[in-house]
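Novice: Here it is, the structure in full.
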Amino acid sequence: MTNLNKRPDWIKVKAPNSVEYYQTKDLIKNLRLNTVCEEAACPNIGDCWSRKHATVMILGAVCTRACRFCNVKTGRPDLLDPHEPRRLAEAVQKLNLQHVVITSVDRDDLEDGGASHFAECINEIRRSSPNTTIEILTPDFLRKEGAVEIIANAKPDVFNHNVETVPSLYKTIRPGARYYNSLSLLHNIKKLSPEIFTKSGMMVGLGEEINEVVQVMDDLREANVDFLTIGQYLQPTKSHAEIRKYVTPEEFKYLERIAKTKGFLMVSATPLTRSSYHADKDFQKLKGNYNIRLASM
């Protein structure tokens, strides 16, 4: 049995120390931007920042939710920064990004949940870097009328919203969210703008059963989600939800095989898979898989 107090070898990553890593870090700091890489203590930060890829977190650094898996601060949110979209667009230019991922904290305090701020960020990047493809990873916009339409009209290349875990664990792991609201959000984005690729992810190792994971796959395909990511849950601090299991690389391969039979355009399932990890390369693969499927129809 795996010792849950010690990370297995397949989870361990090298400490970041490259010149490019520190260049990315300095640029983010100088432009006063937040990143989910830092705030969520992502294990892949060294690899991504060394390749000058960072997932920018907009709408402040304080979340209005308190999910049991997440390391982002929770409490009274920051004031909305009207200059953030411009600074984000500047970062995209300076990092020479071909593909950018934008995420955010939950903003239940805002009338549209921050949807219009996402749209402004997309528009600013389109103006200054028209060839850069844009992926957004949004909150669920629970009870935020009109938010879905704002996002769909902004037309990101990829819309990502993570279901995070199986529905039976929502009350303990993601208490402020509703599983079927997340599915509805993904479904409605695709319905309003079919050309947008949709993506969702979940963590394993929280105590879920394999049949529950498979049911989530089916639910996501029912919502016409194109791309599924599955990764190992890692406990940020001792005050967060405990790890119930370290899922082995072989078990991840098994989950990937099952998911591929469901009809997703693309599946990424490894211990270190995260929503935006290798998102640039994955977007190219996603487009390629779509074109192959289109040609075979």
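The backbone N, Cα and C atoms fix where each Cβ goes, glycine too.
Pulled the feature table from Swiss-Prot, pasting it below:
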BINDING   Cys37, Cys42, Cys48, Ser276  [4Fe-4S] cluster 1 binding site
DOMAIN    49-265  domain 'Radical SAM core'
BINDING   Cys63, Cys67, Cys70  [4Fe-4S] cluster 2 binding site
Novice: To test your reading of the [4Fe-4S] cluster 2 site: which residues beyond Cys63, Cys67, Cys70, same chain only, put their Cβ within 8 Å of the Cβ centroid of those residues?
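Specialist: Neighbours within 8 Å of the Cβ centroid, excluding Cys63, Cys67, Cys70: Arg65, Ala66, Phe69, Asn71, Val72, Thr74, Val105, Asp106.
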Novice: From the Cα of Cys48 ([4Fe-4S] cluster 1 binding site) across to the Cα of Cys67 ([4Fe-4S] cluster 2 binding site), what is the distance in angstrom?
Specialist: 25
Novice: Given Cys63 ([4Fe-4S] cluster 2 binding site) and Cys48 ([4Fe-4S] cluster 1 binding site), what distance in Å do their CA atoms have, once rounded to a whole number?
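Specialist: Between the Cα atoms of Cys63 ([4Fe-4S] cluster 2 binding site) and Cys48 ([4Fe-4S] cluster 1 binding site), the distance comes to 24 Å.
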Novice: How would DSSP class Cys48 ([4Fe-4S] cluster 1 binding site) in three states?
Specialist: helix
Novice: Over the span of the domain 'Radical SAM core' (49-265), how high is the average pLDDT in this prediction?
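Specialist: Computed over the domain 'Radical SAM core' (49-265), the mean pLDDT is 95 on the 0 to 100 scale.
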Novice: Could you tell me the C-alpha distance between Cys48 ([4Fe-4S] cluster 1 binding site) and Cys70 ([4Fe-4S] cluster 2 binding site) in angstrom, no decimals?
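Specialist: Rounded to the nearest whole number, the Cα-Cα distance is 20 Å.
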Novice: How many neighbouring Cβ atoms, not counting its own, are there within 10 Å of the Cβ of Cys63 ([4Fe-4S] cluster 2 binding site)?
Specialist: 23
Novice: To the nearest whole angstrom, state the Cα distance for the pair Cys70 ([4Fe-4S] cluster 2 binding site) and Ser276 ([4Fe-4S] cluster 1 binding site).
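Specialist: Per the Cα atoms, Cys70 ([4Fe-4S] cluster 2 binding site) and Ser276 ([4Fe-4S] cluster 1 binding site) stand 16 Å apart.
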